[in-house]
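Enquirer: Here it is, the structure, as structure tokens.
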Amino acid sequence: MWRWVRQQLGFDPPHQSDTRTIYVANRFPQNGLYTPQKFIDNRIISSKYTVWNFVPKNLFEQFRRVANFYFLIIFLVQLMIDTPTSPITSGLPLFFVITVTAIKQGYEDWLRHNSDNEVNGAPVYVVRSGGLVKTRSKNIRVGDIVRIAKDEIFPADLVLLSSDRLDGSCHVTTASLDGETNLKTHVAVPETALLQTVANLDTLVAVIECQQPEADLYRFMGRMIITQQMEEIVRPLGPESLLLRGARLKNTKEIFGVAIYTGMETKMALNYKSKSQKRSAVEKSMNTFLIIYLVILISEAVISTILKYTWQAEEKWDEPWYNQKTEHQRNSSKILRFISDFLAFLVLYNFIIPISLYVTVEMQKFLGSFFIGWDLDLYHEESDQKAQVNTSDLNEELGQVEYLFTDKTGTLTENEMQFRECSINGMKYQEINGRLVPEGPTPDSSEGNLPYLSSLSHLNNLSHLTSSSCFRTSPENETELIKEHDLFFKAVCLCHTVQISNVQTECIGDGAWQSNLAPSQLEYYASSPDEKALVEAAARIGIVFIGNSEETMEVKTLGKLERYKLLHILEFDSDRRRMSVIVQAPSGEKLLFAKGAESSILPKCIGGEIEKTRIHVDEFALKGLRTLCIAYRKFTSKEYEEIDKRIFEARTALQQREDKLADVFQFIEKDLILLGATAVEDRLQDKVRETIEALRMAGIKVWVLTGDKHETAVSVSLSCGHFHRTMNILELINQKSDSECAEQLRQLARRITEDHVIQHGLVVDGTSLSLALREHEKLFMEVCRNCSAVLCCRMAPLQKAKVIRLIKISPEKPITLAVGDGANDVSMIQEAHVGIGIMGKEGRQAARNSDYAIARFKFLSKLLFVHGHFYYIRIATLVQYFFYKNVCFITPQFLYQFYCLFSQQTLYDSVYLTLYNICFTSLPILIYSLLEQHIDPHVLQNKPTLYRDISKNRLLCIKTFLYWTILGFSHAFIFFFGSYLLIGKDTSLLGNGQMALETHFWTWINHLVTWGSIIFYFVFSLFYGGILWPFLGSQNMYFVFIQLLSSGSAWFAIILMVVTCLFLDIIKKVFDRHLYPTSTEKAQLAETNAGIKCLDSMCCFPEGEAACASIGRMLERVIGRCSPTHISRSWSTSDPFYTNDRSILTLSTMDSSTC
């Protein structure tokens, strides 16, 4: 019964079978016996709360915090028993804290709701009732037939029914899912491929049976049962029939597909890691400190209760004449009286727990997050995008990162390939301004001075290839060099899987060739970015790939059309690391063109300039270019017949097909003639190399997690500086079994142990990683920790999250950060302590689900080294200061009990109890936590090593915490006994004085709140105690303050106690800075000595010094702080990052003449 109720309420979904049955176009059987399966709608949900669960869920999360739960208990105690203070003193601050926090978190979740609504409200076209109906994405149901046009994103997981092509094929890019930019071909079953119109689709009667949703992007099994003329035709469905949500339709005008998985059941959504509340290391430290203070509080309450009963053991103190007990009190249980007294002391001392700490931290995080969005150095002008903060709870975590995990495609790179250089028959060339220039001449060299070809344009005046051979025969004046160039670029134009846009193909046709047609007018779609770059380069040189139709590939060499029959494609695989095509030339000659990594091509070559090309390839690689070698082979008729027969037998084999194909490919790809090599640049984003190097200097380990192929990933890692050329690259790839993987890991561990000098880099693929994580986690982690850089390729989205999870739970418990730009990166972004989305070309899924979003990878340097550093310093001081000032405030209350016989009398007036944390001491620390800059941001960014000073939560360690606590107790003792011996005084002045001592960066706002809070204390006390307020029942402080300030001894006592307390801290700072200076303190001193007299952050100020310049300079060197009224700033144009620092954090008057 209970299970049924839960199912009806949606908490417990009904049991599902292993398969689902989908009726295309929702045409259900009419016999009345069929009960349709229930599927979820197509809404994507990334938010945490709903209107219905916001209040209970948010309250539950907030009361998990120690302080909130503690004050709730105290509030309930005050309601139940007679306590020295009113319940309002605990209930009102608690209500204020809970409300402010709920508003902040509700606002952030409202932003996530808006992002979801934007996606769910996207317009789509669905086939219903024989026509196309425009609706919203969230309204798509399982079974609906959806029409998708070119360049649109699939709104659900669809099974392809038909396209605008007769064969029912279409091309999609899954860059936002797996990071791969290559086009993937999908095909429809033959029976539905012919249904290319809405009217024809309306006649389709079909049922799809498939597996239930699963996260694996590359696995899908099902079948389609089509009813035609009362007969059922069964067709298998596999991954080639499935179009995934988030992928984009390319090179196809339109397709029709039936929705089989919708909403949060799509493969893209299943690869999202479930949202969890991220908590920063600072918040965990706060909870630890709160527990320690709770122990102190309970100890004080227990001690006070015991001493009270010890004192009252004497009869004269048990019931004095001025405090007679009632009859009920005399007869009550001693145990109950003890408990009641204990709770009363607990309430009396409860202000040692700083409830306002949480609300101040929330306000600091919320307001401080705006500075990231306002920082103009994090603004990208080209895309008009500024940094976004989706979760402000993790600001300080940006200053604690130890491991950084990044995607490759679109995150480190621009996802754009450019042809740079090539080697043809031992001669090295580079492309400059669309011309092929031999190595040596500069771009401004005249054409007449070029000893070799700048292009193949001179072939216009030469008769081309004769019928005997499409490559060899030529007029007598045609040189061997020209033939080599011709053959090399024809190999580039034919050995690929590039396709051309239908629109472009139609406009070119087979008519007269326009020799002035720019290659840029052709829109190529490639199986890899490298192939596209190479084909485009060949077009610029003069040999243009026109397209393919059926089994024919068309190439135009400066106007002359040639058709090559495509006989076989020997597909690329990671073992061979090459691909080949066998074509028949117009002359009838059979040719093999091969392309691949130098390690897979050069050993197969028996001719050509092998050694020279090998040297050139190494030179290209040193420049960070992606290299491929090109070779060819001719077949006689007899050789080709044998090859064709062996390929057919291998492709049709039912058993061991892959092994047989591999053997055949090895047999074919031998005795090659080397033509040359190509060098393509995967264009990196601006300043990626510098940023990665700076991250290393900061002590952050960088891991690259990508879905790309092994070769591609390694090449980019080398070009971006993730791997160095001097680094020893270790590989854990293509492991087949647990035992094989374990043995390889042990070998790698031995190699690392034996060599302590060379830096090591590790490359691991997804399959091997799965084996390593299954039973060999410790060994794998040992290898990884000893490597300077780790590259994981062929990673599924959930594997990325598992890797980060493994690092998070390792014994060191490091802080992790993940960076990505596509939907395939969402899982790792949500798993890491801090997730950053790049607002790139792969959609906005990563940015929407991240904690922070930036436009470029290079912005990480300022985000971590400046904002992260400042946020951590600020909040660490805020937390310590709150505990310090509350110890200062409440310890005199404890000491006072020794002088009032533990009668639970309060030392402070109730108004001062309430206003101490709210008005007298809260604003200075809040402003400090928003504006403090202990060192210039330019210095922080140019010296990444300063980031190490705050790593591992160093400023909130137990040593620092104990120092602040002891400091608070010592100040409290000085003030209590000083006031007792000299004159009574409150501790507000001391708290603000300590805050002034901690402040390095003084602005007019700091001056206003620091000194203003002290002035407000005096003014308030004068008004509160100087006037008889009719609405107050009693005024114990009437005229006390005025009488106090009229005494000279009171002023002397105030000054003496404040100076005594602060002087002790000053002495400690002086000794620490001279005996044990940190790197940051050394940088402060160096900055001061260099003439940068103030940490002015983001602006310039006029020259000038105060009158007490010599004393000021000494103090600045001692405590590393200064005033913005005397600043001399100059920016160096050689600074590696952000030479124009334009942040909006300017807080003082700016003199343009000195900027």
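Cβ atoms here come from the backbone N, Cα and C positions, even for glycine.
Dumping what TrEMBL says about this protein:
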DOMAIN    36-90  domain 'P-type ATPase N-terminal'
TRANSMEM  66-81  transmembrane segment
DOMAIN    123-240  domain 'P-type ATPase A'
TRANSMEM  288-311  transmembrane segment
TRANSMEM  342-361  transmembrane segment
ACT_SITE  ASP407  active site, 4-aspartylphosphate intermediate
BINDING   ASP407, LYS408, THR409, GLU531, PHE572, LYS595, ARG626, THR706, GLY707, ASP708, ARG794, LYS800, ASN824, ASP825  ATP binding site
BINDING   ASP407, THR409, ASP821, ASP825  Mg(2+) binding site
DOMAIN    847-1078  domain 'P-type ATPase C-terminal'
TRANSMEM  911-931  transmembrane segment
TRANSMEM  961-983  transmembrane segment
TRANSMEM  1004-1032  transmembrane segment
TRANSMEM  1038-1064  transmembrane segment
Enquirer: Going by C-alpha positions, which of the recorded positions (ASP407, THR409, ARG626, GLY707, ARG794) is nearest ASP825 (Mg(2+) binding site)?
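Expert: Nearest listed residue in space: ASP407.
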Enquirer: Taking Cα-Cα distance, which of the recorded positions ASP407, PHE572, ARG626, GLY707, ARG794 are within 10 Å of ASP821 (Mg(2+) binding site)?
Expert: ASP407
Enquirer: How about long-range neighbours of the transmembrane segment (288-311): same chain, 6 or more residues beyond its ends, C-beta under 8 Å?
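Expert: For the transmembrane segment (288-311), the sequence-distant neighbours (Cβ-Cβ under 8 Å, at least 6 residues beyond its ends) are 66-67, 70, 317, 338, 341-342, 345-346, 348-350, 352-353, 879, 883, 894, 897-898, 901-903, 961.
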Enquirer: In whole Å, how far is the residue listed as 'active site, 4-aspartylphosphate intermediate' from ASN824 (ATP binding site) when you measure between their Cα atoms?
Expert: 9
Enquirer: As a test of the contact definition, list every same-chain residue at least 6 positions from PHE572 (ATP binding site) whose Cβ is closer than 8 Å to its Cβ.
Expert: ARG578, MET579, GLY596
Enquirer: Near the Cβ of ASP821 (Mg(2+) binding site), how many other Cβ atoms are there if near means within 10 Å?
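Expert: ASP821 (Mg(2+) binding site): 33 neighbouring Cβ atoms within 10 Å.
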Enquirer: Which one of these recorded positions, ASP407, ASP825, has the sparsest Cβ neighbourhood, judged by other Cβ atoms within 10 angstroms?
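Expert: Result for the recorded positions ASP407, ASP825: minimum number of other Cβ atoms within 10 Å at ASP407.
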Enquirer: Ten-angstrom check, please: count other Cβ atoms within 10 Å of the Cβ of ASN824 (ATP binding site), all chains counted.
Expert: 32
Enquirer: Could you measure between ARG626 (ATP binding site) and the residue listed as 'active site, 4-aspartylphosphate intermediate' for me? Cα positions, answer in whole angstrom.
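Expert: Approximately 18 Å lies between the Cα of ARG626 (ATP binding site) and that of the residue listed as 'active site, 4-aspartylphosphate intermediate'.
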Enquirer: Other Cβ atoms within 10 Å is the metric here; tell me which of the binding-site residues ARG626, ARG794 scores highest.
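Expert: Of the binding-site residues ARG626, ARG794, the most buried by Cβ count within 10 Å is ARG626.
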Enquirer: Other than its own, how many Cβ atoms are within 10 Å of the Cβ belonging to THR409 (ATP binding site)?
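Expert: Result for THR409 (ATP binding site): 29 other Cβ atoms within 10 Å.
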Enquirer: Return the count of C-beta atoms lying within 10 angstroms of the C-beta of GLY707 (ATP binding site), excluding that atom itself.
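Expert: I get 27 for this one.
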Enquirer: Residue counts in helix (H, G, I), strand (E, B) and coil for the domain 'P-type ATPase N-terminal' (36-90), per DSSP?
Expert: 27 helix, 0 strand, 28 coil
Enquirer: By DSSP, what is the split of the domain 'P-type ATPase A' (123-240) into helix, strand and coil residues?
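Expert: Split by secondary structure, the domain 'P-type ATPase A' (123-240) comes out as 17 helix, 55 strand, 46 coil.
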Enquirer: Cα-Cα separation of ASP407 (active site, 4-aspartylphosphate intermediate) and ARG794 (ATP binding site), in Å?
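Expert: That comes out at 11 Å between the alpha carbons.
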Enquirer: Can you give me the average pLDDT across the domain 'P-type ATPase N-terminal' (36-90), rounded to a whole number?
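Expert: That stretch averages a pLDDT of 81.
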